[in-house]
């Protein structure tokens with residue numbers, strides 16, 4: 001849903017509730033339970049309950065309301081958000097060295113997201129299914145199988161798209177938040193003393209009383225704000241104002257009421273710590289609440305899956321991941337996509353995590369490191385944008401950065417304590433993704449530079465061919481060209497082996513702009529290089545899919561008539577060999593070869609009919 005959509009504000013706000021707030025909205029299922037479960041050396045004590053509630057409330061205010069909704073969401077690229085967008089914006093007005101550092105930060109943040117998405121569906125669905133322990137304790141052995149069944153169904157429907165099912169997301173999540181509020185308010189009315197925890201003094205007293213342990217306990221408190229990056233990442237779908245409106249009118253009040261309601265329950269009944277969320281409900285409401293919780297966590301998982309599809313497409317289009325098959329599941333909404341490879345790889349990883357960790361409490365130990373790491377990087381990148389792009393006063397920006405890091409760094413440091421008990425998982429997955437992205441980008445650059453160095457000058461070659469033309473054959477030939485100033489290898493090899501040229505030769509370059517969309521007026525640029533040579537440059541945004549047939553249509557409007565089924569497409573297929581390098585660079589080269597062999601072929605990327613494609617091979621040493 002783009003920001004220029006003509007839907008009414010209430011409908012867009014409702015849709016935002018259904019998609020954006022799924023992850024953070026299901027955090028009450030497990031957050032307070034993990035805070036007070038006894039793992040930090042203290043149980044359900046009054047000061048501890050007040051301290052944790054105060055910390056949760058002020059984190060929701062400072063991190064979500066102030067940092068993300070007020071500050072970070074100001075940084076948009078044509079309305080789009082996300083960590084890679086922030087990386088792109090931050091690097092626009094900086095030196096080459098600074099830009100490289102910012103790119104690394106952005107890629108680390110994106111990699112952290114990949115590490116976290118494996119945990120989110122598992123912990124969300126398992127925490128909901130664990131309500132069975134309250135309803136029927138004898139069914140606790142079914143928690144893992146049922147969680148896998150629910151997620152299997154979710155991943156299976158991805159290829160069909162979520163357009164129809166997605167219409168139910170908003171009313172279900174709105175119902176979820178209203179139930180959160182009602183359950184919490186009911187408990188608060190019975191014990192209003194808990195509202196004293198709104199005073200930040202209780203958070204300060206918590207640190208003073210529990211000292212070192214209180215710092216480590218921040219690793220559990222951060223569970224209340226997991227999913228905060230989704231607010232920024234989904235900005236392009238719904239717009240800033242609907243997301244902010246949904247937070248302040250529905251989501252924030254519901255979360256606060258439920259957390260404080262759980263706290264009020266625990267003050268009266270400390271034994272409810274085994275599952276304070278479900279024990280808020282009366283006995284007759286447990287089964288309906290269990291079903292609603294399962295639906296809410298499935299929706300939260302769907303939002304994460306859609307997010308990883310979007311991030312992958314953006315990384316592919318920006319050249320950080322190898323091309324892969326991307327299927328559009330909706331003719332109306334460009335954001336609804338399905339990536340089979342990513343879908344089933346993620347499913348396999350989630351199932352392995354569920355089977356390995358067995359309980360959401362065990363998974364909570366793995367949750368948080370990647371989230372807080374991304375928060376630190378977002379603070380640095382967003383304040384860089386404020387200074388370099390918005391030209392804010394450097395001292396004011398420095399104060400903002402210090403304020404953000406004073407919260408982010410302690411949260412990240414506290415989560416490092418989880419490293420051995422599960423935190424290694426998202427970090428390991430993130431490291432793998434970072435290695436893959438940097439390998440593809442750097443080795444691809446090395447390959448293109450190598451081909452450019454050994455290529456022939458375009459202008460000189462065309463002048464030579466026009467002066468001493470080879471045999472011409474009827475028709476149009478399109479040569480896919482990566483570099484504007486160099487003759488494509490496929491053209492050189494065609495001349496070398498076939499010794500002919502077509503009557504019309506088009507050098508076609510498809511490039512990705514640093515923007516989500518490119519206006520149709522700027523889509524195609526045509527330049528006639530000689531009586532028989534044309535250069536066509538087609539520009540696309542990173543949210544768009546290149547389509548050669550569309551390019552031909554645009555060319556026809558500009559006076560260069562082309563017919564797909566009467567055109568031959570010549571492409572070079574590089575056979576790569578790794579040259580002499582240090583051992584670690586050889587390993588990176590081998591990884592690149594593996595990625596390239598499994599990458600989507602160019603004809604499939606650009607939707608070119610296979611029977612119109614001629615591939616000419618060339619060997620390149622990298």
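Glycine residues also receive a Cβ, built from the backbone N, Cα and C atoms like all the rest.
As stated in Swiss-Prot, the feature transmembrane segment covers range 165-185 out of the listed 165-185, 186-206. Transmembrane segment is the annotation Swiss-Prot gives to one range among 137-157, 305-325, and that range is 137-157. When each of 12-32, 49-69, 213-233 is scored by its Cβ pairs under 8 Å to the transmembrane segment (276-296), the top-ranked stretch turns out to be 12-32.
The list of residues near the transmembrane segment (103-123) in space but at least 6 beyond its ends in sequence, with Cβ under 8 angstroms from a Cβ of it, reads 23, 30, 83-84, 86-88, 90-91, 147, 151, 154, 226-227, 229, 297, 300-301, 304-305, 307-308, 311, 315, 320, 346, 349-350, 353-354, 357, 360, 363-364, 366-367, 370-371, 373-374, 377-378, 380-381, 425-431, 433-434, 437-438.
Across 49-69, 247-267, 337-357, 396-416, the stretch most heavily in contact with the transmembrane segment (213-233), judged by Cβ pairs under 8 Å, is 49-69. Of the candidate ranges 49-69, 165-185, 337-357, 396-416, 337-357 has the most C-beta pairs within less than 8 angstroms of the transmembrane segment (137-157). If you look at the transmembrane segment (363-383) against the transmembrane segment (165-185), you find fewer than three C-beta pairs under 8 angstroms, all six or more positions apart, and that falls short of contact. Recorded stretches compared: 49-69, 165-185, 396-416, 419-439; the one with the most Cβ pairs under 8 Å to the transmembrane segment (337-357) is 419-439. In this chain, the transmembrane segment (49-69) lies in contact with the transmembrane segment (247-267); the count of Cβ pairs under 8 Å, excluding pairs fewer than 6 apart in sequence, is at least 3. The transmembrane segment (49-69) shares more Cβ pairs under 8 Å with 396-416 than with any other stretch in the list 165-185, 396-416, 419-439.
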